[in-house]
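Notes to accompany the following structure.
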Amino acid sequence: MTNDSAIGIHDLSFATTEFVLPHTALAEHNGADIGKYHQGIGQRSMSVPAADEDIVTMGAAAAAPLIARHGGDGIRTIIFATESSIDQAKSAGVYVHSLLGLSSATRVVELKQACYAATAGLQFAIGLVRRDPAQRVLVVASDVSKYEPDSPGEATQGAAAVAMLVGADPALVEIEEPSGVFTADVMDFWRPNYREAALVDGQESIGAYLLAVEGSWKDYTEQGGRSLDEFAAFCYHQPFTKMAYKAHRHLLNYSGHDLDEDRVARDLGLTTAYNNVVGNSYTASVYLALAALLDQADDLSGQAVGFLSYGSGSVAEAFAGRVVPGYREHLRTEAHRAAIDRRKPVDFARYRELHAYSFPADGGDHRTPAQTTGPYRLAALRGHKRIYTAR
Ligand code: HMG
């Protein structure tokens, strides 16, 4: 490959949790009209982790099919993006590296900036591949979204992991230059180290997201990016799927386009199918949108897809990808549908039990209840160490 060759997403796979709570159960509990969830925020259900699932088990489950298909050769870097970190020092990626049996000749690091970090990981991966095109980088985005019970955020929880193999001459999506980037210091959503559930000002967060859409698109345009009319679809960060619609209408308006609802539906319609039933998967969300688009669209070969990645706090990036001809032969549509369909519905009481469960913090040795039927589980805490096993 020459220095100008394409670099991007060669393969992509996602995993989610053992359990699922339908929004009908939440509406029954709190008396909300189900229309508020199904139409108002655009969510039908949320993934709920079992007691023995976390960002590592989901991340490893998402990445294992990539290793099974391509092997581990050439992977010299793993970038693990999350805001549900399990350790203040050790990268969750090291556990994934171990569970997948990858070579010791690997660098592993964890990245954090709310829901944005996977996009940073993707861009950093591209830089590494640009320097040495023989290398491939495994980018894993894995998160559990948890808000206080009975808070407005409760309806926008979820959990999932996406794994992407980034390399030269990619089979799925070539990531283009330039990128438009944006940072603003806002307190719209944050999670201090002493809390399991995030703190959020819901309306402020929506405003901060829209401001970041404007800011990153402005920079994208100034850097010489494509015009809005060149894109076949847009993958937005989807804390709830209606947020993508709010953001896209805002972008059309900001860039001087008429508000054409048919166009909005065409640009976004196929990107929400997974997030709609998984809920907010934070860092993974924008790439779940890409999976949903690629898995469902008629042939997108050669067409441009827009990405708008947002992380509270806040950082955003707007960029474009070109779908690689022949990509459909490499999709994992059946496995993705199976990951969603295999979840077991729980009733509201069971969901609240799982929500209240937190990993012991007393420093003692504990076994974790055996609940997941997924390929990896968090089996125990022993001597302050998390013990993971492959099933
Ligand atoms: P809320 O106060 O419960 O809901 O909070 P609402 O009253 O704003 O209603 C929601 C929508 O449903 C409204 O539509 C209502 O009109 C509609 P809108 O005015 O927005 O178009 N509605 C109905 N529609 C049909 N039939 C009905 C009905 N009733 C009402 N019967 C909120 C909603 C999203 C604020 C809350 O869930 C929340 O705080 N969520 C968490 C924060 C969040 O997701 N923010 C998004 C932007 S920030 C972000 O994306 C970053 C994040 O992912 C974190 C990170 O980066 O790490 C969160």
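The backbone N, Cα and C atoms fix where each Cβ goes, glycine too.
Predicted automatically and left uncurated, TrEMBL annotations should be read as such.
According to TrEMBL, the feature domain 'Hydroxymethylglutaryl-coenzyme A synthase N-terminal' maps to 7-169.
Residues annotated as (3S)-3-hydroxy-3-methylglutaryl-CoA binding site in TrEMBL: Asp33, Tyr147, Lys246, Asn280. Classification of Lys246 ((3S)-3-hydroxy-3-methylglutaryl-CoA binding site) by DSSP places it within a helix.
Per TrEMBL, active site, proton donor/acceptor is recorded for Glu83 (among others). Taking the Cβ of Glu83 (active site, proton donor/acceptor) as centre and 10 Å as the limit, one finds 26 other Cβ atoms among all the protein chains shown.
The local packing around Cys115 (active site, acyl-thioester intermediate), expressed as other Cβ atoms within 10 Å of its Cβ over all shown chains, amounts to 31. Positions annotated as active site, acyl-thioester intermediate by TrEMBL: Cys115.
The annotation domain 'Hydroxymethylglutaryl-coenzyme A synthase C-terminal' is assigned in TrEMBL to 179-252 (among others).
Look at His237 (active site, proton donor/acceptor): DSSP puts it in coil. Summarising the annotation, TrEMBL assigns active site, proton donor/acceptor to His237 (among others).
Annotated domain 'Hydroxymethylglutaryl-coenzyme A synthase C-terminal' per TrEMBL: 272-325 (among others), in sequence order.
Taking only the Cα positions, the spacing between Glu83 (active site, proton donor/acceptor) and Cys115 (active site, acyl-thioester intermediate) is 7 angstrom. DSSP classifies Cys115 (active site, acyl-thioester intermediate) as strand under the three-state reduction. The CA atom of Asn280 ((3S)-3-hydroxy-3-methylglutaryl-CoA binding site) is located 9 Å away from the CA atom of His237 (active site, proton donor/acceptor). With a cut-off of 8 Å between CB atoms and residues at least 6 apart in sequence, the same chain places Gly153, Glu154, Thr156, Gln157, Ala197, Ala198, Val200 near Tyr147 ((3S)-3-hydroxy-3-methylglutaryl-CoA binding site), listed in sequence order. Within 10 Å of the Cβ of Asp33 ((3S)-3-hydroxy-3-methylglutaryl-CoA binding site) there are 10 other Cβ atoms, across all protein chains. His237 (active site, proton donor/acceptor) sits 25 Å from Asp33 ((3S)-3-hydroxy-3-methylglutaryl-CoA binding site), taking the C-alpha atoms as the reference points.
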